[in-house]
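Mind looking over this structure? Questions follow.
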Amino acid sequence: MIAHPKASTSQGRSSMSETLNSGEATAPAATKVPVEISNVRPAPGQIALKAPRRAKPPKHIADFDMAGRREFLKELGYQSFRASQLSKHYFERLVTDPAEMTDLPAKDREQMVAQAMPQLLTPVRTLEADGGDTLKVVHRLFDGALIESVIMRYDNRVTMCISSQAGCGMNCPFCATGQQGLTRNLSTAEIVEQVVAGARYLKQMKGLEEAEGGSEDTRPLRVSNIVFMGMGEALANYKATMGAVHRLIDPSPEGLGISARGLTMSTVGLVPGIRKFELEKLPITLALSLHAPDDELRDELIPINQRWKVDETLDAAYDYYRTTGRRVSIEYALIRDINDQGWRADLLGKKLAQRGRGWVHVNPIPLNPTPGSKWTASRKGVEQNFVERLRAHGIPTTIRDTRGSDIDGACGQLAAKED
Ligand code: SF4
């Protein structure tokens, strides 16, 4: 259920949504008349691995690496060196207003920016939680599809949770996004733009704080961590996701220059996708949403398990660790009386321990109930017992922080609505 946005009560710092809704840099441009996107709700267990064919979003420099950007600019009729100038404005300075791009010829500026950096996302709604430290933004895409991203501020980092698809084809029955079905894949630039928009908001907040004579809040205002845990199964939109990964980690001005170690790729267990991702040999954390250690239950909770079984999926995750050296996270939403029995903790502990030590970490997450769902979170004592039994098998286990659960911004709750 969507809660009302809370006004930030914090003293001495600007609220994130106040910042988002103020100032020119973040003001939404005139919204195009949205095309109605109608989705048929998937039947139980029905999976969509391929996205429906829909009109493609306009091309943007963030869709390409630097060589591709030069080609793109040439095709648009400009000199190719403009690609590095635009890249600096977009990835380094985070500006979109042509008036601020004084190194571009005045007569071409407006048109060049409109063609090479078209506005891809229009913020339509923002919700705050956790005293203003969590901000969920609903964006409208060029064709009217809605997606969400979440910005979470912590003492030592800022994490963004981003979407890779509009909707999701994996149809996990406990997940709000899964119930919507898959509208379409996002383009690379649509994925990247969520982070750039977040970075812009934070930069603007910083500017406001400085203008107010500084703040006692010394926490960082730069995006340092990205989790692909918003709407969609990122590995099912592999090419665009990998393009986005590169734009995020490539040094500026080719990309945003975020450390690959700050990225987490979440998957529900697309084994061929995990195997392909392993070959990229990037130090990115893999988060596997397992939610059950036995095929009988997982077939029901995670329909894709009917294609790739628990052991095959765990083998792929283990091999990912062996290649990249990055410890794998196992996400496990604890659902009352469904998957939270002690014997299931033991079975999970055994399966993980038999593959080796030190390769994995389990994050049980109290389930965020979705409207109308019959499932709810496990009782506290049961949750604790689950954690202790896993630890008894030598598996490091930590209950995951569920930031933003009161604004539907936590895992499995992103199902974008405008109101
Ligand atoms: S839990 Fe993840 S993979 Fe499953 S339907 Fe929801 S968004 Fe898709």
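Glycine residues also receive a Cβ, built from the backbone N, Cα and C atoms like all the rest.
Not my notes, these are from TrEMBL:
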- 1-30: region 'Disordered' (REGION)
- 7-24: compositional bias 'Polar residues' (COMPBIAS)
- Glu148: active site, proton acceptor (ACT_SITE)
- Cys168, Cys172, Cys175: [4Fe-4S] cluster binding site (BINDING)
- Gly232, Glu233, Ser266, Ser289, Leu290, His291, Asn368: S-adenosyl-L-methionine binding site (BINDING)
- Cys411: active site, S-methylcysteine intermediate (ACT_SITE)
Looking at the recorded positions Glu148, Cys168, Cys172, Cys175, which has the shortest Cα distance to Leu290 (S-adenosyl-L-methionine binding site)?
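Nearest in space to Leu290 (S-adenosyl-L-methionine binding site), counting only the recorded positions, is Cys172.
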Should we count any of the recorded positions Glu148, Cys172, Ser266 as near ligand 1, judged by a CB under 6 A from one of its atoms, and which?
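Cβ under 6 Å from ligand 1: Cys172.
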Run through the Cβ atoms and count how many others sit within 10 Å of the one on Leu290 (S-adenosyl-L-methionine binding site).
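Taking every protein chain into account, the count is 26.
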Which one of the binding-site residues (Cys172, Cys175, Glu233, Ser289) has its C-beta surrounded by the most other C-beta atoms within 10 angstroms?
Glu233
Do me a favour and check the Cα-Cα span between Glu233 (S-adenosyl-L-methionine binding site) and Cys172 ([4Fe-4S] cluster binding site); whole Å is fine.
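Given the Cα positions, Glu233 (S-adenosyl-L-methionine binding site) is 11 Å from Cys172 ([4Fe-4S] cluster binding site).
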Relative to the Cα of Gly232 (S-adenosyl-L-methionine binding site), which of the binding-site residues Cys168, Cys172, Cys175 have a Cα no more than 10 Å away?
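For Gly232 (S-adenosyl-L-methionine binding site), the binding-site residues whose Cα atoms are within 10 Å come to Cys168.
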Which chain-mates of His291 (S-adenosyl-L-methionine binding site) that are at least 6 residues away have a CB under 8 A from its CB, listed by sequence?
Cys172, Arg298, Leu301, Ile302, Glu331, Tyr332, Ala333, Ile335, Asn339
Can you check what DSSP calls Glu233 (S-adenosyl-L-methionine binding site), collapsed to helix, strand or coil?
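Assignment for Glu233 (S-adenosyl-L-methionine binding site) reads coil.
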Restricting to the record's S-adenosyl-L-methionine-binding residues (Gly232, Glu233, Ser266, Ser289, Leu290, His291, Asn368), give me the longest CA-CA distance in Å as a whole number.
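Among the residues the record ties to S-adenosyl-L-methionine, max Cα distance equals 18 Å.
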Express the distance between the Cα positions of Ser266 (S-adenosyl-L-methionine binding site) and Cys168 ([4Fe-4S] cluster binding site) as a whole number of Å.
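So the Cα of Cys168 ([4Fe-4S] cluster binding site) lies 13 Å away from that of Ser266 (S-adenosyl-L-methionine binding site).
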Near Asn368 (S-adenosyl-L-methionine binding site), which recorded positions out of Glu148, Cys168, Cys175 have their CA within 10 Å?
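Qualifying among Glu148, Cys168, Cys175: Cys175.
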Compute the C-alpha separation of Glu148 (active site, proton acceptor) from Ser289 (S-adenosyl-L-methionine binding site), stating it in Å without decimals.
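Glu148 (active site, proton acceptor) to Ser289 (S-adenosyl-L-methionine binding site), Cα-Cα distance: 20 Å.
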